[in-house]
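Trainee: Take a look at what Swiss-Prot says about it:
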| type | residues | note |
| --- | --- | --- |
| TOPO_DOM | 21-588 | topological domain 'Extracellular' |
| CARBOHYD | 133 | N-linked glycosylation site |
| CARBOHYD | 167 | N-linked glycosylation site |
| CARBOHYD | 328 | N-linked glycosylation site |
| CARBOHYD | 353 | N-linked glycosylation site |
| CARBOHYD | 367 | N-linked glycosylation site |
| CARBOHYD | 388 | N-linked glycosylation site |
| CARBOHYD | 422 | N-linked glycosylation site |
| DOMAIN | 434-577 | domain 'GAIN-B' |
| CARBOHYD | 453 | N-linked glycosylation site |
| CARBOHYD | 510 | N-linked glycosylation site |
| CARBOHYD | 519 | N-linked glycosylation site |
| CARBOHYD | 526 | N-linked glycosylation site |
| DISULFID | 532-559 | disulfide bond |
| REGION | 532-577 | region 'GPS' |
| DISULFID | 547-561 | disulfide bond |
| REGION | 566-574 | region 'Stachel' |
| TOPO_DOM | 610-622 | topological domain 'Cytoplasmic' |
| TOPO_DOM | 644-658 | topological domain 'Extracellular' |
| DISULFID | 655-731 | disulfide bond |
| TOPO_DOM | 680-697 | topological domain 'Cytoplasmic' |
| TOPO_DOM | 719-742 | topological domain 'Extracellular' |
| CARBOHYD | 734 | N-linked glycosylation site |
| TOPO_DOM | 764-789 | topological domain 'Cytoplasmic' |
| TOPO_DOM | 811-818 | topological domain 'Extracellular' |
| TOPO_DOM | 840-908 | topological domain 'Cytoplasmic' |
């Protein structure tokens, strides 16, 4: 049995004069054209013609090879002088069971790493020989065949970019192409295996030239040889062109390579012209995933003509003129299905201008005109255009809002006698209803249903109760809905949120209502925390003013609003709806109490600061306590500032400053807690060692403020240049796949918590022994009391409560972890005041004496005021020795290590 095989044979042919037969035979599968000049009069065109030759067995294949070697005479079917300069067999295929299996001939390979038809073929590279398998059913056109090894190169010519370089038929294009190719051929002609070089592209950025070298050796060998000749190639090019130094590059693998944009290395950015029939240009950037369009202004030439026509009739516009413009616009878009970024912007601009002129001249629109407008909107709201909308909104931030406003304005121009009307497109639904007596008894109902990506239907329902129409009747009610608007109207509110339902707009002209109900289907079931919102055209953002959530089920959300506009709902991902409100209130209440407690703590410390200096242990402890209180107070204030800043509205510098200072001062809190823990460990372990106070303080302040400042500055310097320092939704350190500066807070904080936990265990171990003189049955009780007091004091002072944050990270959906973490840390300032000040025996006694003194002074003042003759009285002054043992020695029989520990903890 014989199996039919297919052989692909490209022939390179030169022909002078007219294109003739060759151009007619070019089916677009793999045609290359190089323009040069011969004797300055006759352009020479080089074509690559692909022939598919079928053979049945290896013998026939050998016969064909011998034939191809002899094939040198011009083909008689070509008109005009012509010559075949090269014939090469590149790819062979065999058909098996409905599949086509193809492989490359010797010294050929697949470029780029796909084969034949990228849509219907799969390249297998795991075997000894890479093969291309295609389904014969879907195979249409072959694009990528086996080719010789390729090396790509690029360089810049330091000249202003002439627009004619985008026209391959121009003399300027021929001048640069021929000159560059001749110089490169001369430089590479001695390279082993070199076959050809051709200019593939010109791009803006001075003049950026891309070229391609083809050879018969392996790709690594060809690349190495071309790199060795780089200096010679640059010298040759500079004889004719001012090549920029440092711009010459060659590479064997192009991260980005496409027919439209050519090749480039990562982060290359170029401006290229739009395709034929469009005006404008595109800016593309090479990323790891390939070429990405960053800016685009490609507009159909017909749309530009329509803009000119509108400008000409603007002063004398009529209803017929509006109808004609809208009809022409609809026809143009139907004939050109491509929705470019430039086309989107132009269509929005045209419709907006038509709407403004119609309103200014009190024009009405016909049913046909309105239908054309809805068809145009349905075309540009295609979900396939969302990527282009995203690019457009980078420069024209109000484009989507302007389109929504325009559709509402044009809808208001339809006369009431033309209603009812209903237009249902794939991406927009429109319904106009004349108001009659029925609305007074039944109210108003609007229902829509759409599908997104063949999923379950997405529904929306608007209901206005009958009592809203009792006093008077409006003429019309118009409602429209779209799913696409939810993707293109920007989300500016803080937090991760998406529009999770259709956007529904309801218009009633010259009429006000006090209540409207809207029911939305959820697009994504895993989103929670629904918020009923409307689109604020003046602020260009979603707002919840006048709207409230009535009910939520598994699949729907019911909203109630007190005004009419465009409504939808915002929802956040993967956060239990019960967590955020509870934690939010705990945080705000806790921070308020903490700030007040910390201020009170600092006031008390300042009142009795002199008394704390009499003992080095007491003094160092209070210095740590004051710095913890100051840092936590400032950190809480900056936290509140960060919580009130909207990153999407406020200048980015404000948010960056809030993130930096919040990060710095919270780190300072932890590092001062570390200093406190180290000092406590020092007093426990090195009982008889005494360090100078200045040395202690130098170490303390370097750790307490130096380390946090260094970490904060490095974090900012490393991540801010790439705009990955802060989150986009809230003012706090970022956490994303590409950048995780939040680790600069989490890692130091949890490390310090772990260190301080060890210190607490040391304290408890030191306390776990009976005091001298106590009976055995009293030992356990006394020890337990001392350990309990110490643990109560040390837990908030050393930041151990932050360890519960691990629970929130391990199980973010557990309400208990979130509430516990918020309770313990939002009230941390209050705990420091209670356990650091009120449980401090000495400070408590000083405060008590101060209050007693004030009370005595008030009583004396009253007595003096009532007596006619007063006798001088001497108030009892505070005697620090009066309370000896209550602070310094809690157990007179303990060892010196216990005395020091008691002084430091001051809990007795």
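Glycine too: its Cβ is placed from the backbone N, Cα and C atoms.
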Trainee: To the nearest Å, how far is the Cα of residue 510 (N-linked glycosylation site) from the Cα of residue 422 (N-linked glycosylation site)?
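Mentor: Spelling it out, the Cα of residue 510 (N-linked glycosylation site) and the Cα of residue 422 (N-linked glycosylation site) are 22 Å apart.
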Trainee: In terms of DSSP three-state secondary structure, what is the assignment for residue 655 (disulfide bond)?
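Mentor: Reduced to three states, the DSSP call for residue 655 (disulfide bond) is helix.
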Trainee: Taking only the recorded positions 328, 388, 532, 731, which one has a CA atom nearest to the CA atom of residue 133 (N-linked glycosylation site)?
Mentor: 388
Trainee: Let's check the environment of residue 731 (disulfide bond): how many other CB atoms sit within 10 Å of its CB?
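Mentor: The Cβ of residue 731 (disulfide bond) has 26 Cβ neighbours within 10 Å.
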Trainee: Given the recorded positions 388, 422, 519, 526, 532, 559, which lie within 10 A of residue 547 (disulfide bond) by CA-CA distance?
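Mentor: Cα filter at 10 Å returns 532, 559.
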Trainee: Pick out which of the disulfide-bonded residues 532, 547, 559 has the most other Cβ atoms within 10 Å of its own Cβ.
Mentor: 559
Trainee: Which one, from the glycosylation sites 328, 367, 422, has the smallest tally of other C-beta atoms lying within 10 Å of its C-beta?
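Mentor: Checked 328, 367, 422; of these glycosylation sites, fewest Cβ neighbours within 10 Å: 422.
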Trainee: Look at each of the glycosylation sites, 167, 388, 510, and point out the one with the fewest other Cβ atoms around it within 10 Å.
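Mentor: If we count Cβ atoms within 10 Å for the glycosylation sites 167, 388, 510, the smallest count is at 510.
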Trainee: Roughly how many Å lie between the Cα atoms of residue 559 (disulfide bond) and residue 526 (N-linked glycosylation site), rounded to a whole value?
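Mentor: The Cα atom of residue 559 (disulfide bond) is 19 Å away from the Cα atom of residue 526 (N-linked glycosylation site).
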Trainee: In the structure shown, with every protein chain counted, which of the glycosylation sites 519, 526 has the densest set of Cβ atoms within 10 angstroms of its Cβ?
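Mentor: Answer by Cβ density within 10 Å: 519.
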Trainee: Under DSSP, is residue 422 (N-linked glycosylation site) part of a helix or a strand, or is it coil?
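Mentor: Looking at the DSSP assignment, residue 422 (N-linked glycosylation site) belongs to a strand.
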Trainee: In Å, rounded, how far does the Cα of residue 532 (disulfide bond) sit from the Cα of residue 561 (disulfide bond)?
Mentor: 8
Trainee: For a quick check of packing: other C-beta atoms within 10 Å of the C-beta of residue 655 (disulfide bond), how many?
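Mentor: Around the Cβ of residue 655 (disulfide bond), 24 other Cβ atoms lie within 10 Å.
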Trainee: With an 8 Å cut-off on Cβ-Cβ distance and a minimum sequence separation of at least 6, pull the same-chain contacts of residue 734 (N-linked glycosylation site), or say none.
Mentor: 719, 724, 725, 726, 727, 740, 741, 742
Trainee: Across all the protein chains here, work out how many other Cβ atoms are within 10 Å of the Cβ of residue 133 (N-linked glycosylation site).
Mentor: 17
Trainee: Per DSSP, residue 167 (N-linked glycosylation site) is which: helix, strand or coil?
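Mentor: DSSP assigns residue 167 (N-linked glycosylation site) to coil.
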Trainee: So among the recorded positions 353, 561, who's got the most Cβ atoms within 10 Å?
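Mentor: Of the recorded positions 353, 561, the most buried by Cβ count within 10 Å is 561.
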Trainee: For the region 'GPS' (532-577), what's the model's average pLDDT?
Mentor: 76
